[in-house]
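Asks: Got a structure for you, questions after.
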Amino acid sequence: MQCVNVELKERRYPIYIGEGLLTDSSVYPLKSGDKVMIVTNETIAPLYLETVTDTLNQIGCQVSHVLLKDGEKYKTLGSLNQIFTALLQENHGRDTTLIALGGGVIGDVAGYAAASYQRGIKFIQIPTTLLSQVDSSVGGKTAVNHELGKNMIGAFYQPITVIIDTTTLNTLPKREVNAGLAEVIKYGAILDYPFFEWLERHIDNLVALNQQDLQYCIARCCRIKADVVARDETEKGDRALLNLGHTFGHAIETHLGYGNWLHGEAVAAGSMMAAALSEKLGNLARTDVARVEKLFARANLPTLSPDGMQPEDYLPHMMRDKKVLAGKLRLVLLKALGQAYVATDTDPALVLDAIYACTQTD
């Protein structure tokens, strides 16, 4: 088992990474008599709800659960209200701990519920997808979607512990594994060139779910993100760098309808658009753009804009991005592999050219 600590100004919390942790009571920061509500979904519940419940019962916790529908399209105020209703019906108070058992959607919705219920209760992240293990479970971003934009309603709210059991990836559909690798590749591209080179050597092992490489990879991603979050918890500076490809990607998700493309798939295509724009600005060599493209392709991820979405469709969605300031786009771009920066006033015509460069032509 590995442990990565997230060091915040006022406190710290651990991220435990290893095999079989769902049944390891020592990683749960709970004691006998504690009240716990598990938030999960209809896909994860048959796989892991009983296992986690049994572990909590062994500790002596009072355990209940709430079951949400599975998928990005259920990352809504309706799902949030479903959690609140369950908490209220069972008379849960401020001493309750909420546990998010599932992927990024469950973590985001449950985290926002924990941030909001009675002005804040404790919560634990147990991410079961690769994307949530390397990214969304770490750092305290919680949110639900609005029909006009992704993650528009939310809060920064940190868990007290993150428990990453890598054996949960064995039940993950291949498409979901690949989607998680988009965020993995992102880390190397923005902040860690040696890690990018490691990925070029090991990406096939990650696709094949090699446990040794997976645990190394997840821990490294968590360390990168933990370091960034420690410096900038509420995304007023460096933390924005973690959003490579996300402004383009969120436009894809919103335009197509949540869930048609997985988040990681949209991030992969969006990262290629960011790389293409970086090249057009004279920052990134064409050979490096090709390396990024090859790595995404080896992870079976899209590198082009989806069919049915025109380049002109992007900008209206992108102008609603949370990083927009004074009506101007702020985009995460690359100076070089492993060196990202925030471009504060990019010519929209150049942005459109980059999108065209990543659009399939007949």
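Backbone N, Cα and C define each Cβ position, glycine as well.
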Asks: Of the candidates E183, E197, E312, which does Swiss-Prot annotate as part of the Zn(2+) site that also includes H246, H263?
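Replies: So the Zn(2+) site in Swiss-Prot includes H246, H263 plus, from the candidates E183, E197, E312, E183.
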Asks: Nearest of the binding-site residues to H263 (Zn(2+) binding site) by CA-CA distance, picking from D70, T129, T168?
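Replies: If we rank D70, T129, T168 by Cα distance to H263 (Zn(2+) binding site), first place goes to T129.
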Asks: I'd like the Cβ neighbour count for K73 (NAD(+) binding site), meaning other Cβ atoms within 10 Å of its Cβ, all protein chains included.
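Replies: Step by step: centre on the Cβ of K73 (NAD(+) binding site), count other Cβ atoms within 10 Å, giving 14.
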Asks: Using DSSP, would you call D70 (NAD(+) binding site) helix, strand or coil?
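Replies: The residue in question, D70 (NAD(+) binding site), is coil (DSSP, three-state).
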Asks: Starting from the Cβ centroid of E183, H246, H263, the recorded Zn(2+) site, name every other residue in that chain with its Cβ within 8 Å, sequence order please.
Replies: L131, D135, A182, K186, G245, G249, G264, A266, V267
Asks: Can you see whether DSSP assigns G104 (NAD(+) binding site) to helix, strand or coil?
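Replies: DSSP assigns G104 (NAD(+) binding site) to helix.
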